[in-house]
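The block underneath contains the structure these notes are about, expressed in structure tokens.
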Amino acid sequence: MSGRGKTGGKARAKAKTRSSRAGLQFPVGRVHRLLRKGNYAHRVGAGAPVYL
């Protein structure tokens, strides 16, 4: 008996777009996808579409 009681799991937070996190108007997720698909580099960092 571990005696943990009725512990509820944490509820998942509401999805927040990367554009709203960065305070931008253009779609950061879409730009990131296009950077990856466009063969611009082997690896694309998470901040690349924000600073572009």
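Using N, Cα and C of the backbone, Cβ positions are placed for all residues, glycine too.
What Swiss-Prot says about this protein:
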REGION    1-25  region 'Disordered'
MOD_RES   Ser2  N-acetylserine
MOD_RES   Lys6  N6-(2-hydroxyisobutyryl)lysine
MOD_RES   Lys6  N6-acetyllysine
COMPBIAS  7-19  compositional bias 'Basic residues'
MOD_RES   Lys10  N6-(2-hydroxyisobutyryl)lysine
MOD_RES   Lys10  N6-lactoyllysine
MOD_RES   Lys10  N6-succinyllysine
MOD_RES   Lys37  N6-(2-hydroxyisobutyryl)lysine
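Locations of recorded Swiss-Prot features on the structure.
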residue: Lys6; record: N6-(2-hydroxyisobutyryl)lysine; Cβ contacts under 8 Å, 6 or more apart: none
residue: Lys10; record: N6-(2-hydroxyisobutyryl)lysine; Cβ contacts under 8 Å, 6 or more apart: none
residue: Lys37; record: N6-(2-hydroxyisobutyryl)lysine; Cβ contacts under 8 Å, 6 or more apart: none
Could you tell me how many residues in the region 'Disordered' (1-25) are helical, how many are strand and how many are coil under DSSP? 5 helix, 0 strand, 20 coil
Where does Lys37 (N6-(2-hydroxyisobutyryl)lysine) sit in DSSP terms: helix, strand, or coil? helix
